[in-house]
Amino acid sequence: MTAAYANLFSTIAPKDFGRVAVLFGGLSAEREVSLKSGNAVLTALQSAGVDAFGIDVGADILQRLLSEKIDRAFIILHGRGGEDGSMQGLLEVAGIPYTGSGILASALAMDKLRTKQVWHTLGIPTPRHAVLRSEADCISAATELGFPLIVKPAHEGSSIGMAKVSSASELIDAWKAASTYDSQVLVEQWIHGPEFTIATLRDQVLPPIALGTPHTFYDYDAKYIANDTQYRIPCGLDAAKEKELMDLTAQACEALGIAGWGRADVMQDADGKFWFLEVNTAPGMTDHSLVPMAAKAAGLDFQQLVLAILAASVDADGKKEARG
């Protein structure tokens, strides 16, 4: 552990967190990942002595929240219904403190188009893009942006529904496929160069991780299944570029109102410029996940990490107006 990260450790006695509901599963396309993340978090909290129990979130969640004795909630739902502000809203109505970002920041970060609009307004570099609603939009985007491009559902995570395309026909096919996940589909310039992911914890930026994969990009298989994905930490940047990346990450997260914890995904082009893609407000916590890797580099093991995330919910008590 370096002195820079010494204040990340929770100083709260495990029993003082009260009864903690770990919210996982849900109904989104990322349900299976959330189940793995949730079980890992629940096991770590219970091993630390926290009075924690799990809720696999379903249609009865409002009734569960109102009928159970819950002192605070650890949100480890991925995707819609968990990262989009809706669960945060339910918890605020129920008067239950929770981990992570607030309603507005969660909704903004879940919406890739709105995220890009905020960043563009504030001068945070993000790839050029277009919204696809028709085949005509695909042709127009191809002319304006050129190839290759990457197609993304606007409200999905874990790279679900994403595809790299190199022709108009591929773009149209990818738009149709992405439309099965989301009514709003984006297409972005493809940035040639290395990819980085940078976690934040309690308003501090953790050591960046460089990603390497034989896949076309860091897709669902590379994230959760493959054993050939490469992670470099230290990330290989020189000190000045690493500081630039970490400073930009802090600005990008602050622009969206990210609180508690999160993870930004960034590309670097051939000229060394960084391009911000998105921020995850409840990132994965599986054995393949990136936030635990970054936390380990900062000196926190998995149990210490989940306690630090939970402690941030205490930091936010009574400060809901300051949350995003």
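Cβ from N, Cα, C; glycine included.
Annotated features in Swiss-Prot:
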- 142-197: ATP binding site (BINDING)
- D265, E278: Mg(2+) 1 binding site (BINDING)
- E278, N280: Mg(2+) 2 binding site (BINDING)
- 116-311: domain 'ATP-grasp' (DOMAIN)
Coarse DSSP state, helix versus strand versus coil, of L149 (ATP binding site):
strand
If you draw a 10 Å sphere on the Cβ of D265 (Mg(2+) 1 binding site), how many other Cβ atoms land inside?
19
Between E278 (Mg(2+) 1 binding site) and A142 (ATP binding site): CA-CA distance (Å):
22
Could you pull the average pLDDT for the domain 'ATP-grasp' (116-311)?
91
For each of the binding-site residues (A142, L149, A163, I191), count the other CB atoms lying within 10 A of its CB, then report the residue with the highest count.
L149
D265 (Mg(2+) 1 binding site) as reference: those binding-site residues from L149, A177, I191 with C-alpha within 10 Å of it:
none
Residue pair E170 (ATP binding site), E278 (Mg(2+) 1 binding site) - Cα distance, angstrom, rounded:
24
